[in-house]
Structures are given as C-alpha cells and as structure tokens.
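Input: a single structure, listed below in structure tokens.
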Amino acid sequence: VIDHPKYQASKRIAIFLSMPDEIQTEEIIKDIFKQGKECFIPRYKPDSNHMDMLKLASVEDISSLPLTSWNIHQPSDDDNVREEALSGGGLDLIFMPGLGFDKKGNRLGRGKGYYDTYLERCVKHPSGKPYTIALAFREQICESVPVTENDVPIDEILYEDC
C-alpha cells in the first residue's frame, strides 16, 4: 500500500479504523503521519447513512476517541473542533472497507450506504471525487456482488497476490 503511486502522490487521505475481521490499517495510519500527510477517519451518524471524514491530529489521537457500538474509535457527535475533509481541501484518496468485492470494482458494504453517500458528496466538492482503493483479503474477492443504482464503484481493489 505505501509504495502505491496514488498513495505516494496523495496529501489528504481518508482511512477506516479497522475492525478485527478487516485488513488492519494501523501501520498505514502510522505511515500517513510519518510522511507528513493529512489523515481523516470516518464518523458515522447512527440511524442514518450520513458519514463525515474528520481529521486526526496524530496516531495517538485515536486512543482518545470514544468507542462506538461496533467497538471502533470515532470522534464524538459533539466534536466540532476537527476539520471535516469536504469543508476544507477535499480528499485525494479514500481507503475503503467492505465485506466483499468483485473485479469490476463493485463493493458490498455493511448495508447503510455510508461510503456511497459520502462519495456522492465528494463529487460535488471543487476538488472532485477522490481515488478509491479497497483493502481486501483474497477470500473477499467474489465473482460478482449485488449492486444498486446508488452503489459507487471502487477505482481499485488491493489484496494479496492481486
């Protein structure tokens, strides 16, 4: 991942904080800060499909964030101090989680449409839609995944031996 040309060229990167059954992102997050890039993480609004990408100050900043019902850290609902990526310079790259992917760039998420809705907002930002890379295990690559008209295809899927 850290040798990927899109990652190397990106300054503003959004990445998910991984759950135990996902590709672990901690080392990537450490590298984002090591290289002096800006790091944004999701804040999901419960009972909706709204998500914001909020700026992290440091790797250590993560452990100070409250835990969600999914047992992952995220900025609290009343955290209005952090920059939201689309209120600033937008994003260059988003690393995407998912349950399954196909080689056409289709992604099966957890069913709320958070990322698809966020990408639609990105398209309207002056900097445009960021490049999207899904991080997957080889076992998550399927022949096809079901999609609807609201699903936004991913630009690239990285997995072992891809």
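Yeah, the Cβs are placed from backbone N, Cα and C, and that goes for glycine too.
What TrEMBL says about this protein:
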- Leu17, Glu22: substrate binding site (BINDING)
- Arg107, Leu108, Gly109, Arg110, Gly111, Lys112, Gly113, Tyr114, Tyr115: ATP binding site (BINDING)
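Positions of the features from TrEMBL, shown on the structure.
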{"residue": "Leu17", "record": "substrate binding site", "contacts (Cβ under 8 Å, 6+ apart)": "Thr25, Ile29, Ile41, Pro42, Ile62, Ile72, His73, Gln74"}
{"residue": "Glu22", "record": "substrate binding site", "contacts (Cβ under 8 Å, 6+ apart)": "Phe16, Pro97, Leu135"}
{"residue": "Arg107", "record": "ATP binding site", "contacts (Cβ under 8 Å, 6+ apart)": "Met96, Gly98, Gly100, Phe101, Tyr115, Ala134, Val145, Asp151, Pro153, Ile154"}
{"residue": "Gly109", "record": "ATP binding site", "contacts (Cβ under 8 Å, 6+ apart)": "Pro97, Gly98, Leu99, Tyr115, Asp116"}
{"residue": "Gly111", "record": "ATP binding site", "contacts (Cβ under 8 Å, 6+ apart)": "none"}
{"residue": "Gly113", "record": "ATP binding site", "contacts (Cβ under 8 Å, 6+ apart)": "Asn49, Asn150"}
Give me the sequence-ordered set of same-chain residues, not including Arg107, Leu108, Gly109, Arg110, Gly111, Lys112, Gly113, Tyr114, Tyr115, with a C-beta within 8 angstroms of the centroid of the ATP site's C-beta atoms. Gly98, Asp116
Among all protein chains shown, how many Cβ atoms are found within 10 Å of the Cβ of Tyr115 (ATP binding site), not counting that one? 25
